[in-house]
Structure formats: structure tokens, C-alpha cells
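Trainee: If you look up Swiss-Prot, you'll see 12-137 marked as domain 'RNase III'. What Swiss-Prot records for 50, 123, 126 is Mg(2+) binding site, and it gives sequence analysis as the kind of evidence. According to Swiss-Prot, the active site annotation covers 54, 126, on the basis of sequence analysis. Per Swiss-Prot, domain 'DRBM' is recorded for 162-231, and the stated evidence type is sequence analysis.
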């Protein structure tokens, strides 16, 4: 197993307080914060944590939305879910936890900026969720997720509007055409892919979105076009 760097006692106590869980196996937290790029042995262990954390997050958010929005249909719930488990939201949680102070990355990753660095922060949050789940169980992981996602779920008013549906209605009314979506690129490992999707509406400039599923990337691209054309107000940061 790749060896993770060890947090200081002070840093560990501070971070455990933010997480709301004291780790019984301290190395789990260290491993979760040590990105694959900082390990001497590259490979599956860190990616397995991301994989598990992504599934635990998805389950807890799906349950939260199901209970919170009792009259919402599957389409609305899916839009909200995609927004709340997106790389942008996970990275925002990482920032709220000040994980940049604790994440260990390789030299190459330290040079990354923008979207790529956001994805690293999102990956670490997923790994952290897996570590919490493995150390404390599902209820402890759920408590952590509710602590940092429940407010976002309630604030995400824009998610109740399906961007693709609204863009289609607008483009039909204005241009008499249906938006066309195409997948430009698929990257990343099988367990954590990234899709770049472009939406085109005849007569105006196209827009693109990058997300972890084609459906979510389509929503991002449609949202960008709606905001650019003044149909929607630009989403506030953090939502």
C-alpha cells in the first residue's frame, strides 16, 4: 500500500472538528488527503477511495433530495442531484473545509490551476467521504454530508429548472429550432470520467460544459447559454 504523509496532531484535531468525526484509524484520514500524484506507488488505492466516496455521496444526496422535495419528479431530482455531486460543488466543500491546507499533491499537480485543480479538490472530498464511511459507518458519513450539503440543496433554487428543457423552449420560440448536443471529448479513468459536451442553437454562438456524466455536462452547457443570452441570471458562486 502506498504510504501517506502524516498530519500533525494540531492539524488533525482542527480538521476532525470541521468534519465532525474523530478517526479511530488515524491513517485513514492521512490516506484520504494524500492525492495519488503524491504517492510513491501510483495506482488503485486512492482511486478506489474516490470511487467509494462518490457512491456514498450520491446515495446520501439522493436520499436528502427525496425527503426534502416531496413533490419533485425524477427529472427535477436528477437535475438537483447532478448539481450537488458535481466537481464544482465538491470543490466548494473542499474550500469550506480549507482542505488546501492539508492536501498532499505531487509537484506536477501543484502547478495546476482552474478546472484541473478544482477536480483535484473534488477528488479529495470524495476520498475523504470514503474514509469517513470506512472509519465510522454510513450514519457518520451521512451526518458529514448533511452538514455541508443540506444548505446547498435548499439554496439551489436554480436546480428546480431543467436547463435543457428551458433552452429548448426558448430556442423553439426564438429560432424555431431544437438545440443540438454533441460529445466533444471523454477523458479520465472509467470510474471517474469527464465529458465535454457542446450545445448548438442555429444562429448563435455554441457553449460547452464539462462534467462527470454526459447528462450533467449537457445541463452545464445549456445553463451557460441561458445565462449568456440573458434568459437566466448568472448562478451565484457556491450554488
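Including glycine, each Cβ sits where the backbone N, Cα and C put it.
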Trainee: Write out the long-range same-chain contacts of residue 126 (Mg(2+) binding site), meaning residues 6 or more apart in sequence whose Cβ is under 8 Å from its Cβ.
Mentor: 49, 50, 53, 54, 57, 90
Trainee: Can you name every residue in this chain, apart from 50, 123, 126, with its Cβ inside 8 Å of the center of the Cβ atoms of the recorded Mg(2+) site?
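Mentor: Here the nearby residues are 46, 47, 49, 51, 53, 54, 90, 122, 124, 125, 127, 130, 192.
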Trainee: Helix, strand or coil for residue 54 (active site)? Use DSSP.
Mentor: helix
Trainee: At a 10 Å cut-off from the C-beta of residue 54 (active site), count the other C-beta atoms across all protein chains.
Mentor: 22
Trainee: Could you give me three numbers for the domain 'RNase III' (12-137), the DSSP helix, strand and coil residue counts?
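Mentor: Secondary-structure composition of the domain 'RNase III' (12-137): 95 helix, 2 strand, 29 coil.
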